[in-house]
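Below you'll find the structure, written out as structure tokens, and then a few comments.
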Amino acid sequence: MSADMENPKAEEEQKGTGSASPANETQATWYSGLLKQTSIYGIAAGYCISASLLSIINKWAIMKFPYPGALTALQYFTSATGVLVCGWCKVLEHDSLDLLTMWRFLPAAIMFYLSLFTNSELLLHANVDTFIVFRSLVPIFVAIGETLFLHQPWPSLKTWLSLSTIFGGSVLYVLTDLQFTVMAYSWALAYLVSMTIDFVYIKHVVMTIGLNTWGLVLYNNLEALLLFPLELLIMGELKKIKHEISDESDWHSFAVVLPVGLSCLFGLAISFFGFSCRRAISATGYTVLGVVNKLLTVVINLVIWDRHSTFIGTVGLLICMLGGIMYQQSTSKPKAVPEVKAEQTDEEQQKLLEMQSNIESNNNEKEATQSNQGK
């Protein structure tokens with residue numbers, strides 16, 4: 001009797017625990033989903049803020065600290081140190097430093113250094129609008145460079161239409177640019193050439209050396225930092241900095257340290273949030289965020305700076321951005337459903353081969369036993 005009395009109680013307790021577990025699982029699932037959505041929105045917001053403000057802050061920093069080489073060197077140091085510290089804290093994974101890999105990566109680091117250096121010089125001599133227009137022109141020459149040097153197929157008609165839209169918007173901007181100077185557009189052309197070579201060669205490096213994402217960031221910034229002393233001697237920035245120090249200028253004041261520090265931090269932040277965004281959201285969502293970032297940059301530039309383009313020039317800038325959207329849509333690849341099917345078929349074929357080998361081995365065993373019995 002006592003056992004019969006205990007069994008219903010045990011069954012009731014099991015039912016109670018069984019009814020409580022789905023509720024706990026639902027609550028845990030809801031909580032984890034909320035955390036995931038919050039992290040995605042936080043990463044997207046961080047990427048929008050860092051990407052839209054980076055050009056503005058770089059312009060502010062180069063106006064207060066007019067030494068492009070020294071500014072880019074500080075950015076390299078911050079990014080390389082940030083990757084090393086985050087790797088040490090197990091926040092991210094990067095490739096270990098290797099002298100042979102550093103030697104193979106050196107040409108890419110040189111082009112990366114030149115692209116950021118010409119970027120700073122362009123922001124020093126021109127407004128942000130001019131920088132965005134010439135940055136939008138880069139895909140035209142990258143598409144040609146990939147075809148000629150990386151043996152990629154020529155872009156499709158849809159891609160050429162988007163590139164033509166970018167080119168038309170840039171021509172409209174240049175023709176209406178009232179702040180046109182030979183110095184500014186010379187640095188713009190140098191920036192365009194260096195960025196094109198950098199993009200094409202970096203793709204070659206990614207295809208051949210095999211570094212992961214944060215390994216590329218580490219090698220890029222560390223080797224570019226090592227090139228800074230050479231730039232000091234060639235461009236003569238060392239003499240200028242010594243002159244500023246001897247004159248006891250306010251280069252070390254808070255008004256200079258703040259934009260320079262923000263420029264370095266935002267350079268590291270855009271790397272972190274950019275790579276995190278690529279993992280967290282779809283390619284379409286990443287494209288939309290890129291468009292929002294450029295629009296925010298244009299709006300902020302119109303609000304805070306006196307030196308910006310005319311109304312027609314702004315229209316040309318928006319046409320360039322529209323062409324950029326069309327370009328990203330034309331080059332975006334569909335989801336790799338055929339590859340999944342191919343993997344499935346490969347697995348199925350492998351299973352069939354294993355089954356056939358098992359059947360053949362079983363047949364051989366049967367034949368062997370039959371022959372032994374016959375003997």
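Glycine is treated like the rest: Cβ placed from N, Cα and C.
The compositional bias 'Basic and acidic residues' annotation in TrEMBL covers 1-15.
Marked as domain 'Sugar phosphate transporter' by TrEMBL: 52-327.
The region 'Disordered' annotation in TrEMBL covers 1-24 (among others).
The region 'Disordered' feature in TrEMBL is assigned to 352-375 (among others).
Among residues of the same chain six or more beyond the transmembrane segment (40-61), those with a C-beta under 8 A of the stretch's C-beta atoms are 71, 119-120, 123, 127-128, 131-132, 259-260, 262-263, 266-267, 269-270, 272-274, 276-277, 280-281, 285, 289-290, 292-294, 296-297, 300-301, 304-305. According to TrEMBL, the transmembrane segment annotation covers 40-61 (among others).
Under the heading transmembrane segment, TrEMBL lists 73-92 (among others).
The annotation transmembrane segment is assigned in TrEMBL to 99-118 (among others).
Summarising the annotation, TrEMBL assigns transmembrane segment to 130-150 (among others).
Look at TrEMBL and you will find 182-202 (among others) tagged as transmembrane segment. Nonlocal intrachain contacts for the transmembrane segment (182-202), taken as residues 6+ away from its ends with a CB within less than 8 angstroms of a stretch CB, comprise 107-108, 111-112, 114-115, 117-119, 121-122, 124-126, 130-131, 134-135, 137-138, 141-142, 145-146, 149-150, 174, 216.
As annotated by TrEMBL, transmembrane segment applies to 214-234 (among others).
TrEMBL lists 254-274 (among others) with the feature transmembrane segment.
Residues annotated as transmembrane segment in TrEMBL: 286-305 (among others).
Under the heading transmembrane segment, TrEMBL lists 311-327 (among others).
Within the chain carrying the transmembrane segment (73-92), a Cβ under 8 angstroms from the stretch's Cβ atoms is held by residues 113, 116, 214, 217-218, 221-222, 224-225, 228, 231, 260, 263-265, 267-268, 271-272, all 6 or more beyond its ends.
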